[in-house]
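To start, the structure under review is shown below, and the notes come after it.
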Amino acid sequence: MARYLGPKAKLARREGTDLYLKSARRSISDKSKFESKPGQHGRTSGSRTSDFGLQLREKQKVKRMYGVLEKQFRRYFAEADRRKGNTGANLLLLLESRLDNVVYRMGFGSTRAEARQLVSHKAVTVNGQSVNIPSYLVKAGDVISVREKSKKQLRIIDALKLADSIGLPAWVSVDLTKMEGIFKKAPDRDEFGAEINESLIVELYSR
């Protein structure tokens, strides 16, 4: 299945929540009515979504938030299920550990899509080594840096200014001047994703 390239606001309205696909400077929440579904009049009021529909919708929402396609998402779920602990929490921690997501969390990209592009274009390094695989899993203690030749990119400079103004998550440490950050640890489940109900995804794949 190809990656979705259409209007981001339409996706957010479909899922009923901000998917963080646009910069916080122009948050979709400021432009869209999440309760209104795509279409001229939206979904007919009073219709009830089935349990399967709710589970499928939650999976689609998380896939779109992290920019992951179905086949890869299934692999993440299988790995999460193999690991000790809560499968749903394991799944989200794997997604949070993706290099493109960490680059986004560190503020080098204003959106995950922009961060993914930076990784693909070799604009960042991991522990001094060039890594251009967005799905690369970052480990605690890894150092993510913007390459010297990329430090003058206006989109990175603007993204860092934005990150500085709204703050960074506790599990990363970033030197804004050096454009370098440390992935201190995988985040605790209660530190992110309050809008995600991962148990619905576990239920879907357990059918």
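Glycine too: its Cβ is placed from the backbone N, Cα and C atoms.
Remember, predicted model here, so these are calculated numbers, not experimental data.
Annotation source Swiss-Prot lists region 'Disordered' at 22-54. Among the features that Swiss-Prot reports, compositional bias 'Basic and acidic residues' is placed at 27-38. The annotation compositional bias 'Polar residues' is assigned in Swiss-Prot to 42-52. Annotation comment: Swiss-Prot describes 97-157 as domain 'S4 RNA-binding', evidence class sequence analysis.
Mean pLDDT for the domain 'S4 RNA-binding' (97-157) in the predicted structure: 98. Under DSSP, the residues of the domain 'S4 RNA-binding' (97-157) split into helix, strand and coil as follows: 23 helix, 11 strand, 27 coil.
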